[in-house]
């Protein structure tokens, strides 16, 4: 049985997380920054044009339990923030315009 488009998208997100996570299934700060630079160049470029350094505190903001690692649920929270920004962009807002960042 083939996966639906949304099921495939979720599988792709899991694979992306695993690409940057370590053997303990968490992402460390340097790897999160690399993930962001590798996978969100347009978003980060929009932030830069607006004078916002999105990466400067993203790790600390997303590390909810303060263990200095990003687990999968914290990763999903980060993606939700970015997806919300893209959703707002679809309604005319500029990328990286605030909100959950």
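The backbone N, Cα and C atoms fix where each Cβ goes, and this holds for glycine too.
The feature N-acetylserine is assigned by Swiss-Prot to 2. Feature annotation from Swiss-Prot assigns domain 'EF-hand 1' to 8-42; the stated evidence is sequence analysis. Summarising the annotation, Swiss-Prot assigns Zn(2+) binding site to 18, 25, 87, 91 and lists similarity to another entry as the type of evidence. The domain 'EF-hand 2' annotation in Swiss-Prot covers 50-85. What Swiss-Prot lists as Ca(2+) binding site is 63, 65, 67, 69, 74, and the listing cites sequence analysis.
Projection of Swiss-Prot feature records onto the structure.
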| residue | record | DSSP class |
| --- | --- | --- |
| 2 | N-acetylserine | coil |
| 18 | Zn(2+) binding site | helix |
| 25 | Zn(2+) binding site | coil |
| 63 | Ca(2+) binding site | coil |
| 69 | Ca(2+) binding site | coil |
| 74 | Ca(2+) binding site | helix |
| 87 | Zn(2+) binding site | helix |
Among 2, 18, 25, 87, which are recorded as recorded positions, the nearest neighbour of residue 67 (Ca(2+) binding site) by Cα: 25
Alpha-carbon spacing, residue 18 (Zn(2+) binding site) to residue 69 (Ca(2+) binding site), which is rounded to whole Å: 14
For residue 2 (N-acetylserine), nearby residues of its own chain (Cβ under 8 Å, 6 or more apart in sequence): none
Per-residue Cβ crowding (10 Å cut-off), top of binding-site residues 25, 67, 74: 74
Distance, residue 69 (Ca(2+) binding site) to residue 87 (Zn(2+) binding site) (CA atoms, angstrom): 27
Pairwise CA distance, residue 65 (Ca(2+) binding site) versus residue 91 (Zn(2+) binding site), rounded so that it is a whole Å: 33
Which of 18, 69, 87, 91, the listed binding-site residues, has fewest other Cβ atoms within 10 Å: 91
C-alpha spacing of residue 69 (Ca(2+) binding site) relative to residue 25 (Zn(2+) binding site), in angstrom: 9
